[in-house]
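So the structure is just underneath, and the comments pick up after that.
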Amino acid sequence: MPNFSGHWKMKQSENFEEMLKALGVNLMLRKIAVAAASKPAVEIKQEGETFYIKTSTTVRTTEINFKIGEEFDEQTVDGRPCKSLAKWVSENKMACEQKLLKGDGPKTAWTREMTNDGELILTMTADDVVCTRIYIRD
């Protein structure tokens, strides 16, 4: 099992604004979110299959606690409450499906994967739009 623990800084981001657009975020809020999320600070604490992930930007900070295979509460990237379930899909990769608690919207999910060279790849999806963010240890 890989060790996701550590402080991470973003090295590369693709399609973040496109994903926000797919979620229905208006243009002005998308521009603010893209600017604010250009240098997120991510802290991950892992104890076996239990995770704590804190993501901080200039606009907001989110924190999630979860255990692989157990449903938990979190928010979609645009702030809507959802129930989530993370599972291992390979030795180095977890995938999480999100179900909105209220209303309709695109199907959302995320994955986190450790590469052999120590990078952390976060993918976030909204229907068929995929955002990829690559992090390195800080």
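Glycine is treated like the rest: Cβ placed from N, Cα and C.
Feature annotations, reproduced from Swiss-Prot:
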type    : residues               : note
BINDING : Arg133, Ile134, Tyr135 : all-trans-retinoate binding site
MOTIF   : 21-31                  : motif 'Nuclear localization signal'
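Take the mean position of the Cβ atoms of Arg133, Ile134, Tyr135, the recorded all-trans-retinoate site; other residues of that chain with a Cβ within 8 Å of it are Trp8, Met10, Lys11, Gln12, Ser13, Glu119, Leu120, Ile121, Leu122, Thr132, Ile136. Break the motif 'Nuclear localization signal' (21-31) down by DSSP state and the numbers are 7 helix, 0 strand, 4 coil. Each residue in the motif 'Nuclear localization signal' (21-31) has a pLDDT score, and their mean in this model is 94. In the three-state DSSP scheme, Tyr135 (all-trans-retinoate binding site) is classed as strand. Ranking the binding-site residues Ile134, Tyr135 by the number of CB atoms within 10 A of their own CB puts Tyr135 at the top.
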